[in-house]
Amino acid sequence: MKSYSKAGDMVHARKVFDRMSERNLVTWSTMVSACNHHGLYEESLEVFLEFWRTRKNSPNEYILSSFIQACLHVSSGRSMVFQLQSFIFKSGFDRDVYVGTLLIGFYLKEGDIDYARLVFDALPEKSTVTWTTMIKGYAKMGRSYVSLQLFYQLMEGKVVPDGYILSTVLSACTVLPFVEGGKQIHAHILRHGHEMDASLMNVLIDFYVKCGRVTSARKLFDGMWNADITSWTTVLSGYKQCSLHREAMELFSGISKFGLKPDIYACSSILTSCASLHALEYGRQVHAYTVKANLGTDSYVTNSLIDMYAKCDCLTDARKVFDLFGGDDVVLYNAVIEGYSRLGTQRELHDALNIFGNMRSRLIRPSLLTFVSLLRASASLSSLELSRQIHGLMFKYGVNLDIFSASALIDGYSNCYSIKDSRLVFNEMKEKDLVVWNSMFSGYVQQSENEEALNLFLELQLSREKPDEFTFADMVTAAGNLASLQLGQEFHCQIMKRGLGYNSYITNALLDMYSKCGSPEDAYKAFSSAASRDVVCWNSVISSYANHGEGQKALQMLEKMINEGIEPNYITFVGVLSACSHAGLVEDGLEQFEVMLRLGIEPETEHYVCMVSLLSRAGRLNEARELIDKMPKKPPAIVWRSLLSGCAKTGNIKLAEHAAEMAISSDPTDSGSFILLSNIYASKGMWADAKKVRERMKFDGVVKEPGRSWILIDNEVHIFLSKDKSHRMAHQIYEVLNDMLHQIKGVS
């Protein structure tokens, strides 16, 4: 029977067993163990149950060990162990090291770690496998600290930890991550001269990588004489994790020099680095290798290829890979939908929706990531109806809202100007992390619901979440939009206390806030204290000077910016030209417009608005009109309104009428053009014409947006609207106001 089993011929082994007229305990144990050895666990349990029914022999530790081992691999084994566990405990077999260790493994598989620990603690002797099983069990349950405690307990006893135990404990440190514990185990390995085989070294490298110590991982890797492909792949993943993509590409290029061939994990990892660096040609070379090495059909590689081509703005190739290998794999569908959604152009966004339609027609069940990508597409299209349809499909497919999907839904509704729907999604979330809070803050600020953003911030402070740089950037922006310097300064103090003052998001928000609150000096202080000044930072301080008529200072900042090697962009020149316009620096403005053209920056609508305003304010209306006529696109209403404002100063009625007509035809709902023209007529005493303009406004249903003001009392923002009568005590309020006005007139 043993001979047949060793030869792998279990059919004849079983025939010999079945023909035996008498079987002793050794015979039964041998047959059960042989079945386990060849993976015949169902047959193993059949033999054991036959043995149990005969009851001619009492079971020993060997047959019980084989029985539990078989039960670990069979679904029906769970109930069998529970039926026999009372016998095992009563007979004391649970104290046997073999039976006890397998029982521990069984209870851990059932998720009952406390029962496993009872068996572990009751064992008078524990083998290396016993310790390893228990340590690994705690690590898998997320209780890595207990794994470490057990390891230190092991060190005090007689058991010498082997490579497998050390690997298990290191993995536990990785889960924590517990850097000091991992370092101590590393030191123990060196101190006791453990054999540093490739598997143990790979676990050590993986530990340092997952703890973010990629430099330490690389040192270990460089000292290996037996590095295998797993070693290379682990370091590659570390570089990817730390965004050291160039180092990853350099390392990948050296794999073949050592006679190794990159596997699917190495290729997937390096393709991610190529995507991050937009290294399209290098990515194509890796693609060619995957085809040659027959790795291209693997879903990991295919997914990484689609992602790489999409992030390199090469959707044609991404689609080719998808069409070739996509099949019915939802992961690949997600990758290509995400790629199309990311680009954000109308055509690509509709392609993403078409692919999703194809996915549904093939009855492929979408995952949460599918919907997150689709919500990004609907947000880019500003389609409220589409966002609601996607939200409805999530319910239909039973996809529960998590952090990412909730944030995507909030962003989607906010971009579609439906902040109420955003808030409903926010309120649905029972557990909210800071990402969800920040999405809601961003939505409120984006839709100019600044008071709601500030009120929500008060709710955040009552929760367990702590605001981060993105939260404060939104709060500072809200304070700036409300022109509340006091609130802005309070947020600035909180930012400095939390050590977030050097973040670029915060710096730019502070610059904008101080500018809107009429404090360019504080804006410049925030600019000066910035740890690093990117082009956005420079643009913000130039715009701050522009908004306050400090034209010369704006020009000086532009010069400093160029001297420090920061290349100005089209937004820079919007600020510069606006500064020249507000300060009346006509010649400087014309010169900077030419500089912009020489730098290859094509003028946008904002630049033309600034230039028309600059020339109009200087009374050079004909030049302003000529510039409008030279615009490559049809001038929008805002350009004509700039010319109309200039006409108000010079009293050029004919040009004013033309500018007003063009502005109104471009934007019939805007009241500004009507009011400007009416005021020009009134200034010239042309009351009949002014009345006609007002009557036309009324006939067309154009309503002037009421004036609005805010005051801050006890950290609460109060809003006041012109002629507002919505308050329940509006009648009494207006009586008091009229009485005050009469008293003021009497005093004056």
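Cβ atoms here come from the backbone N, Cα and C positions, even for glycine.
Summarising the annotation, TrEMBL assigns repeat 'PPR' to 24-59, 127-161, 228-262, 329-366, 433-467, 534-568, 569-603, 604-634.
Residue counts for the repeat 'PPR' (534-568) by DSSP state, with H, G and I taken as helix and E and B as strand, are 26 helix, 0 strand, 9 coil. The list of residues near the repeat 'PPR' (329-366) in space but at least 6 beyond its ends in sequence, with Cβ under 8 angstroms from a Cβ of it, reads 299, 302-303, 306-307, 309-311, 313, 315, 318-319, 322, 373-374, 376-377, 380-381, 386, 393, 397, 399. Within the model, the repeat 'PPR' (228-262) shows a mean pLDDT value of 90, rounded to a whole number.
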